[in-house]
Every structure is written in structure tokens, then in C-alpha cells.
Amino acid sequence: MGAAAKLAFAVFLISCSSGAILGRSETQECLFFNANWEKDRTNQTGVEPCYGDKDKRRHCFATWKNISGSIEIVKQGCWLDDINCYDRTDCVEKKDSPEVYFCCCEGNMCNEKFSYFPEMEVTQPTSNPVTPKPPYYNILLYSLVPLMLIAGIVICAFWVYRHHKMAYPPVLVPTQDPGPPPPSPLLGLKPLQLLEVKARGRFGCVWKAQLLNEYVAVKIFPIQDKQSWQNEYEVYSLPGMKHENILQFIGAEKRGTSVDVDLWLITAFHEKGSLSDFLKANVVSWNELCHIAETMARGLAYLHEDIPGLKDGHKPAISHRDIKSKNVLLKNNLTACIADFGLALKFEAGKSAGDTHGQVGTRRYMAPEVLEGAINFQRDAFLRIDMYAMGLVLWELASRCTAADGPVDEYMLPFEEEIGQHPSLEDMQEVVVHKKKRPVLRDYWQKHAGMAMLCETIEECWDHDAEARLSAGCVGERITQMQRLTNIITTEDIVTVVTMVTNVDFPPKESSL
């Protein structure tokens, strides 16, 4: 084929594909309704303009319930690119007797009228009658389908031609923020009801919510904290992030109108809440301490690990950068899981941390090198910062443990005894960097074999020399050994076993860094 013929063929394909694309129905705005408008902090009714990427299709949707013949609308509004909604001019639910009815369509305000197809009768509010389709509708439909197939083939042929011609296409860098991800399919079809605020933090608040018959946690970010929400969503979406000791991720959504937008992150809900909240109200036994500490260490070790060759891709090493007892959640059986990845940093092969700002996190838990602003921007340096903070969390656990023969302290945050509840950066620098102080390890803790081993582990986690700190994997192994050994130790053997284990049995410090 000559150059002129190729050019003519390309022009023909472009014109055909353009015609096909222009022929589809464009959705610019949809009818908006929210039955839970007060709790979701949105308008109840109105017209919602639909936003999205230029190369993505936009749709309208409606969800409703049929309660003994009475129609209750749950939500109406804009719906992001969904192949199940393509070329539907009418909003029709086709599933057989769903618990919550759902339909989507293309075209301005096409969700104003909706119906339920399998019942062969219109299921709708009386205020939104649906006009029956005339007989020639099916004829028109059968005529359009082949034409659409032909248009699709033409578009594919054009794409193949272009792909073959451009063997090395240029890398395109987005010129604008890609915006929130599309709603999770799991969430989009199900009503999500906010119940009560459980916590407030730096980047928003956490709600207990109901998703059909189960409770979930909804972390709501204001739009100005979009970067934190985006970072947390991206970390949860990495390959291999499903782990027993990492908080289970369910979905992410954008809620509200274009004027008042909130960003939602939906995760599993754990009634016991954070480790910090639990320790305020409860003391822990030696076995409970070991279980919490070991599962927390396992979660952090998995987060720190670089795992190639997973079924869904390569899991990079991840530094949390805000380890604290507030960001460790407890399941009903006291298994710990790591949460809150708004500041997390992933380390992909061949890439450095670059100009990442090092002095982030909660001041009270900042390592000496962070407080000094003297961070080596390499992977292992960031992982060791996490380990310093983990040492402080282990101290919090030890301070509320009943194992030692002595009084159990009231719950206090690390350094609260030294510098109070609201330390400044200068306060932390003075105590941690210049005076090299750490929270007090009580003398009577040393009289319990397990607590004595734990104290040594804590000291090696918060060592002033970052390179001397233990790895998370090493901490997990040590705690397993502590629990096993203390279950067989007698009172007379304490000194002998502590000496033996301290000198011989502990795994090497740098087992995974």
C-alpha cells in the first residue's frame, strides 16, 4: 500500500471512528437525589453536573427500594465510566428481585425516569411516569446494534494501524490531577449509611457506617487533604496488600457535589478501636501483650518487605512514617493490624526517595534523626525510623502489662511524663536528641523473665544509632521466643534463662533490613 493510499485509509478510519464516537449519547448532567442527605452533608435534590476525564463516558444512575409496593428512592446522580451503562437511553433494572434496585443510563437527566424490567410492569414513583416504548423501538434497536459493531471494528482497526505505525510512542505525563477513582462496584450498588463518629485525626474523621448487613469504617477527608487520601488509596491498591495484620481495604469514593466534595476511604471496622484507646481502658496480661506485639511486628515486617513475583504483581517495600498506637487497630481477638497510610512511602526498584520531605509524622514518635532533619533518603533509613516508633509502642504495651510483680502504671503516651501532652518540636529535640532520654523502663519489670527480654528488645528498637536498631521481622521472632520460653520458666530459672537467651537465642538484629 502506497503512502497516499495509507493516508486516505487513515482519513477514512478517523472520519468513521469520529462519527461513531459523536453518535453516542453524551451525559452532561443528571437528576440528583440523596435520601441520607443530612448525614452525608449534601443537598437532598437538584441537578448534578457530571465531571470526568474527556476519554471516559459519563452516565446517570438511580437506586431505589420497593417496600410492599411503595417506592423509596435511595440515590440518584452521576455515574462514572461503566460498560454496563453504555448506550442505554432508559434507566432500567434488569436483575431478578434485587434487594436494592439499580439502573444506569446515558443522556442528560435520563435517570429522571426509571423502571424494573423483569416484572413487565413499571416500578417507579408516581411523579416520574415512564412512557411505554412504541413497537418500532425494537426494530430501531436491532438496526443500531450491527452499525455499532461495525463502528467498533473500524475503531479497533484504526488503533491497530496507529499502534503499528508508532512502535515507540512518547510517554504522556498528565497535565492535571487525575481526580478520585471511580466508585468501587461493591459500594456503588449498595447504600452506605454513616452511624457515628469514632475518631478525629490530622486528615479528617473516621465514622462507623453500615453497608447492608455489616459494619465498615469510613474515613472522610476534606478536599484540601486530597493528597493524603490519594496516597492512602494508592498504597492500599498496591499488589499484595491483603494481609491479616494490615487493615482490610474495601473501596474509595468521591461524595458530594462539585462545590462541596468529600473523599471517602472505606475499610473494615474493628469495634475495639486503636491500641491507644484500648490501653487507656484496659490492662493486658503477658500472653495478650505477646499476641498484640507479635501481630503488630508481623504486619510492619510485611509492609517493609519487598516481594517480587506475586500473582497480582510486585509488592514494593513500604515505609509507614507514622507508626504510633493510634494507628494500630485491634480485632476482637486482639490481633493487631496496621492502619493509616496517608504518609506512607513506597520504594520501587531503581527509584530513590527523591525530594520527599523527611520531617513528617507525629512529633512524639519522631526518631532522633527525623527531629534533627538529618535523614539519609534511602529505603533502610526510612524503615529504621518506623522501628524507633515501634519501640515506643512496645513501651506503651509494657506500661499496661500485669505480668511484673509491681503496680501497673496509668496509661500515658511516650514522653508524656517528661514533657506533657502537647510537646513542641523544640521540646522533643531537647529531650530525645540532646539529652538522649527515652521513656522509663521500671526496675521491677526486670524481675519478670519475659518483661526483661521485652525491655532489651525495646531499647534495641529505639537505639539512638539508627543502624543498630532491630528489624520488624527480628522483633516478631523475638516475641515468639519470649512467649515460648516464659511459659516453661520457673522462678528459680529466671536469671539463668534471661542470661542464656540474651546472649545466645535471640535472632540477629538486622535479619531483614
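Glycine too: its Cβ is placed from the backbone N, Cα and C atoms.
Disulfide pairing as given by Swiss-Prot: among C30, C85, C91, C60 connects to C30. Among C78, C85, C91, the one Swiss-Prot lists as the disulfide partner of C103 is C91. For the residues N66, N333, Swiss-Prot attaches the annotation N-linked glycosylation site to N66, which does not rule out the feature elsewhere. Between C85 and the candidates C78, C104, Swiss-Prot records a disulfide bond only with C104.
Between the alpha carbons (Cα) of R202 (ATP binding site) and D322 (active site, proton acceptor) lies a span of roughly 12 Å. Non-local neighbourhood of C50 (disulfide bond): T27, Q28, E29, C30, R58, H59, C60, C78, each in the same chain, at least six residues away, with C-beta under 8 Å from its C-beta. In space, D322 is the closest of the recorded positions N43, C91, C103, C104, D322 to V206 (ATP binding site), judged by Cα positions. In the three-state DSSP reading, R202 (ATP binding site) counts as coil. According to DSSP, C103 (disulfide bond) is assigned to a strand segment. Counting in whole angstrom, C104 (disulfide bond) lies 17 from N66 (N-linked glycosylation site) by their C-alpha atoms. On the backbone, the CA of G204 (ATP binding site) and the CA of D322 (active site, proton acceptor) stand 16 Å apart. Sitting within 8 Å of the Cβ centre of K198, A199, R200, G201, R202, F203, G204, C205, V206, K219, and not among those site residues for ATP, are the Cβ atoms of I220.
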